[in-house]
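*Asks:* Shown below is the structure under consideration.
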Amino acid sequence: MNPLILLLITLTVILGTLIVMMSSHWLMIWMGFEMNMLAVIPLLMKQYNPRSMEAATKYFLTQATASMLLMLAIIINLMYSGQWTFTKFMDPTASIIMTLALMMKLGLAPFHFWVPEVTQGISLTSGLILLTWQKLAPLSILYTITPVINPDLLLMASMLSIAIGGWGGLNQTQLRKILAYSSIAHMGWMMSVLAFNPTMTLLNLFMYILMTSTTFMLFMVASTTTTLSLSLTWNKTPLITTSILIMMLSLGGLPPLAGFLPKWMIIQELTKSNNIILATLMAITALLNLFFYIRLTYATSLTMFPTTNNMKIKWQFKTTKQMNYLPPLIIMSTLTLPLAPAMILLN
């Protein structure tokens, strides 16, 4: 792709998200979503092949359907309130339809089916954009309309997302699909606490973007997309492989790594709100995610022979990329659990 066109498309994606986050007019918000969606599709098809074409088509159809639902909710709310801007009161029907549309854009269960398929069909760079940046705009609207959202709908979707994010990743061998199911589960954790403490959702979002971005960048350095290729990188880049495995354990929420911090604080918040049964179910279901991450770590690090047969190693040129920002990202993604007391005081 021409660098100038790539820059223009990237700026349009950023501009679309910023319009959504900074607008108080529903029509401008809808236009921002459309700008963002139409600009991100060429980024998904940057590697021009049938898989990326299929992934981009699935993404377009899903997002277009969500945009239609969003416009329907905006029109119903306009008929109810008579104005285009945010109000303290929203028609209950419009609120439910808008929540469902934003859940579809985020990939929350039961509208999650497109996330693993689209993530698997695109490159690692496009997958990074899809699972991090593309979550900001819908989450900002959900954060804004939190007072008028039905909390039962959010809690049902969050519990279902955490369960599906755990079950779906159990039998996967593709690392991109594993991260996609992890994304579904993390979105569920964010939605569970949104109705009780929206600030906690922002903390979880920050930690999720930090850990997912670092993991994707490590995959790019190691040029690995499957569990088999990951297990064969020990001889080539042992430090990078170790970092990937630690990052995955952090994504799974294993203490004392940083991924445990948002889960700990969300469970604490739900317990304060007398949702003890929900907090218990979420903690138990989160073990599914942790299980397949630990299983992947065990299979990669403890069951391989010290020296792999050279015939099994893929040919690869030495990377010339300068990844000077990776060490601080890895440290922030794994060793920030001691910040928990400060977070509790701020909360």
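Every residue, even glycine, has its Cβ placed from backbone N, Cα and C.
What Swiss-Prot lists as transmembrane segment is 3-23, 25-45, 59-79, 96-116, 122-142, 148-168, 178-198, 202-222, 240-260, 276-296, 326-346, and the listing cites sequence analysis.
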*Asks:* Take the C-beta pairs under 8 A between the transmembrane segment (25-45) and each of 96-116, 122-142, 148-168, 178-198, 240-260. Which stretch has the highest count?
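*Replies:* Comparing 96-116, 122-142, 148-168, 178-198, 240-260: 122-142 has the most Cβ pairs near the transmembrane segment (25-45).
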*Asks:* Sequence-remote contacts (6 or more beyond its ends) of the transmembrane segment (202-222), Cβ cut-off under 8 Å?
*Replies:* 124-125, 127-128, 131-132, 135-136, 139, 143, 175, 179, 182-183, 186, 189-190, 193, 230, 233, 236-237, 240-241, 243-244, 247-248, 250-251, 258-259, 261-262, 265-266, 319, 321, 323, 326, 329-330, 332-333, 336, 343
*Asks:* Given pairs 6 or more apart, does the transmembrane segment (122-142) have at least three Cβ pairs under 8 Å with the transmembrane segment (240-260)?
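*Replies:* Answer no: the transmembrane segment (122-142) and the transmembrane segment (240-260) share fewer than 3 Cβ pairs below 8 Å.
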*Asks:* When only pairs 6 or more apart in sequence are counted, do the transmembrane segment (148-168) and the transmembrane segment (240-260) reach 3 or more Cβ pairs under 8 Å?
*Replies:* no
*Asks:* Would the transmembrane segment (59-79) and the transmembrane segment (3-23) count as touching if the test is at least 3 Cβ pairs under 8 Å, pairs 6 or more apart?
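*Replies:* Counting Cβ pairs under 8 Å (6 or more apart in sequence), the transmembrane segment (59-79) does not reach the transmembrane segment (3-23), since there are fewer than 3.
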*Asks:* Can you tell me which parts of the same chain pack against the transmembrane segment (3-23), counting only residues 6+ beyond its ends and a CB-CB cutoff under 8 A?
*Replies:* 29, 31-37, 39-40, 42-43, 46, 129, 133, 136-137, 140-141
*Asks:* What same-chain residues lie close to the transmembrane segment (96-116): Cβ under 8 Å, and 6 or more beyond its ends?
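*Replies:* Tertiary neighbours of the transmembrane segment (96-116) are 33, 58-59, 62-63, 65-67, 69-70, 72-74, 76-77, 90, 135, 137-139, 141-142, 145, 149-150, 153-154, 157-158, 160-161, 163-165, 168, 177, 180-181, 183-184, 187-188, 191.
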